[in-house]
Amino acid sequence: MLSSSRFAVFARAGLLPGALVLATVAGLGSYCEANDEAVLAWLFGGVLAAGPVPALPLYLHGYGHLLAAAYGALPGVPWLGLLLGALLGAATGLWFAVLEQLLRPHLRPGPLVLALVAFFGVAWLEHWLWFSHARVPLLLAGGAVLFTAQRPGRWGPLLLALGALGAAWLVRPSLAVVGAAAAVPAAVLLAHGWRRAAPALAGAALLLAAATGAAALRQTPAAAQAQAHDAFFARVLDFEQLRPAPRTAADSLGTAAVGLWLLGDATAVNDALATRAYRFDAGEFFGRTVPAKLALRAGLLARDYFPVLLALGALAGGVARRRGPGQGPAWGFWLVQLGFVGALAVLAGGFKLPPRLALPLLDYWLLANLLFWLEAPGAGAIGAGPRAFVPTGRRWAAALALAVGALYAAKTGHRRLVLGQERARHERALAELAARTAGRVCVLAGTTDLLKSLSPFQAYNLGPGPVLSLSGWAAPGAAQRALCRALTGAPGQAEALRRLARAPTGRVAWVLAAPEAAWLNAAARRGPPAQRWVLRPGPALAADSSLRFYYAGAPGAPGAPGAPGAPGAPRGRPASKQ
């Protein structure tokens, strides 16, 4: 039949999603959800380091050397975005291959294409519109498990899936594990039973366990310390599990630094501070923090993903109705519902549930419920056999689907407008920074928001000259310590900043937000009077008034008129955005 010919299958599972991805990126654009992608690209490209960084403790294991070499050879190419885009494209292909084979027996070619397009529009488009490296391992690892589970007993799909799973693990190991685990219910249903799914699940588990074990054995003390620091910062800044309880003035300075994401000054933020100045208050956390986080996230989920949530409810209702008189869905169905609800609640309340994690989990839940619905009657009785689509109230269902789709399309258009405006503002600010700091040492703090909403498929930089970023998760890393040594010979950030503050006029451009500048001034007052320094505010950025140039010098000394951004200061060459 035409609908099941090889070319028709390839067109629906390969060409169709490829065309939808290209239409999304070209028509709506692609915007970085967080600042992580730009920071990673600048580390691998040597913008935030003394040179290209080939390895990071937490991200992109195995890809770092390749990316560092690529950026060293052609720095104007967005290599990280292209790599992540290729991997996300592979995940898209795996998912659509699974969906196409699943729906093919139930739908004619035209409705089948419409169903695939609808799935992309409401459950997949955001992965490309709101780009994040975190989505890649979540979707690629689970997609690999689903693909091989749907094709049990075949070595080709199994080897392909294991390769994809390994590629996902290299991006972010913990998220690859989460993605593979979230795919288990749908994988069992696709394979029509635990026994037939066992090779796929066992292969995935063995590969992930072996890779994680090998990484643990090869982990250096420095990498282990970086992971411990990252876990601590996450508990404070992301999960809100630990509250500051400073005992001394030094503790107050350190906790203020953590709150501002100024994490690189080891004299203020260190292991002793983590042990002494933070505490876990169970009553406060479970009594107030968790309920507040759950209420906030529930509202955001309903606002952002109402088509997926409505589809989940409709499928669950369909499974319940199809069980027959006096029967409810089997325990397997309710166990899966409870599992996904519990996982989302635990992540939202106890940890963090950003969109880059929420929608992938909803996608796995949606696929599992679709499989249960196709298996009804006998939901949960794996292998009972699929049942063809026999919708009741077909016209009303179609009208409701069109209304929901139109509302979601309007919401997506509004999101694209907001993201586009944000990108334009951030690109103007980066261009101004590049023009006014070119050729100087550029010290940044409080500027990480400028890296959000940028295009992952475009290379950005701040022109010639080293960049020392004091804010964000990369600040305490080995790459910044090496940059401090290269710039000043100092072993740490605090001494490096003191030396930069006393550098000749015009050599260093300080671009800071007011809270970060106030903290740096407080930190600079530590130590003997002869070593103290101060930052004085200068002109604000035209593109972002929350950021200012500052002049550094000894206490009591006037601001240097020739400092960057001051009247008469050399302006540098135009923005360097590649």
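The backbone N, Cα and C atoms fix where each Cβ goes, and this holds for glycine too.
Positions annotated as transmembrane segment by TrEMBL: 6-28 (among others).
The transmembrane segment feature in TrEMBL is assigned to 40-59 (among others).
The transmembrane segment annotation in TrEMBL covers 79-99 (among others).
Positions annotated as transmembrane segment by TrEMBL: 111-130 (among others).
Look at TrEMBL and you will find 176-194 (among others) tagged as transmembrane segment. Sequence-distant contacts of the transmembrane segment (176-194) (same chain, at least 6 residues past either end, Cβ-Cβ under 8 Å): 98, 102, 137-146, 149-150, 152, 165, 168-169, 200-201, 204-205, 208, 212, 336, 339, 343, 357, 360-361, 364-365, 367-368, 371-372, 375, 382-383.
Nonlocal intrachain contacts for the transmembrane segment (331-350), taken as residues 6+ away from its ends with a CB within less than 8 angstroms of a stretch CB, comprise 182, 185, 239, 241, 290-291, 293-294, 297-298, 301, 316, 319, 357-358, 361, 364-365, 368-369, 372, 379-382. Per TrEMBL, transmembrane segment is recorded for 331-350 (among others).
Among the features that TrEMBL reports, region 'Disordered' is placed at 559-578.
Taken from TrEMBL, the feature compositional bias 'Low complexity' covers 566-578.
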Remote residues contacting the transmembrane segment (79-99) - C-beta distance under 8 A, at least 6 residues beyond either end: 12-14, 16-18, 21, 37, 40-41, 44, 63, 67, 70-71, 115-116, 119, 124, 127-128, 131, 133, 135-136, 139-140, 143-144, 146-147, 150, 161, 164, 167-168, 171, 190, 363, 367, 455-458
